[in-house]
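**Q** Per TrEMBL, the features are:
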- 1-20: signal peptide (SIGNAL)
- 36-58: transmembrane segment (TRANSMEM)
- 65-86: transmembrane segment (TRANSMEM)
- 106-129: transmembrane segment (TRANSMEM)
- 136-154: transmembrane segment (TRANSMEM)
- 166-185: transmembrane segment (TRANSMEM)
Amino acid sequence: MISVLTLPLTSLSLSTDAFAAALARGASDPAARTLRAIRVGAVFGLAEGLMCLAGWLLARIAAHWITAVDHWVALILLAGIGGLMIRNGLRGEDEADADTPPAVSTGLLATVVTALGTSIDAAAVGIALALAGGPAWSALAIGLTSFAMASLGYRIGPKVAERLGGFAEIAGGAVLIGIGVSIFVSHITGG
């Protein structure tokens, strides 16, 4: 059985990636309104919760397979989206239409891909929770925490962008690449 503190700490730990990624996405969207932040948070929360539940459900039949590739998938997804954000940031406002937010930064598909990339580790956590005797509803707690943190991150993103100026999208892309590399390295080194 898992301890009383394990689930809240795990939920907060998993939500930090969602917070950072949503912050980066919000920084590149000057019109980050509360409703849009809730939508982005919902995508991240669903991704985290469903990936955790999937890991929990597959714990007994596919644990060795999931842990064998999850770090590669996270690295490829996050580095790809992060690289596109950096490329868009380097292009500057001269090449971008000021009235149209960049599709890579704020589009639904990019948000879903980013959310999936940051939630790959939730599948591994789901496996660990199942093997430790944790309940399936742990995925709900993880999803709700990620929803709240990602919504907050996206909402405050434009304020961060104002302070960073045009560097915000480049920094956001670097954050996503860093998250992907961190997930990859932690799995390779067993950390």
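Cβ from N, Cα, C; glycine included.
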**Q** State the non-local partners of the transmembrane segment (65-86) in its own chain: residues 6+ outside its ends, Cβ under 8 Å from one of its Cβ atoms.
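**A** Apart from its flanks, the transmembrane segment (65-86) reaches 21, 24, 28, 55, 58, 104-105, 110, 113-114, 116-118, 120-121, 123-124, 127, 169-170, 172-181, 183-184, 186-188.
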**Q** List, by number or range, the same-chain residues at least 6 past the transmembrane segment (166-185) whose CB is under 8 A from its CB atoms?
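**A** Same-chain residues near the transmembrane segment (166-185) but 6 or more away: 17, 20-21, 23-25, 27-28, 70-72, 74-79, 81-90, 92-93, 102, 105, 114, 117-118, 120-121, 157, 160, 191.
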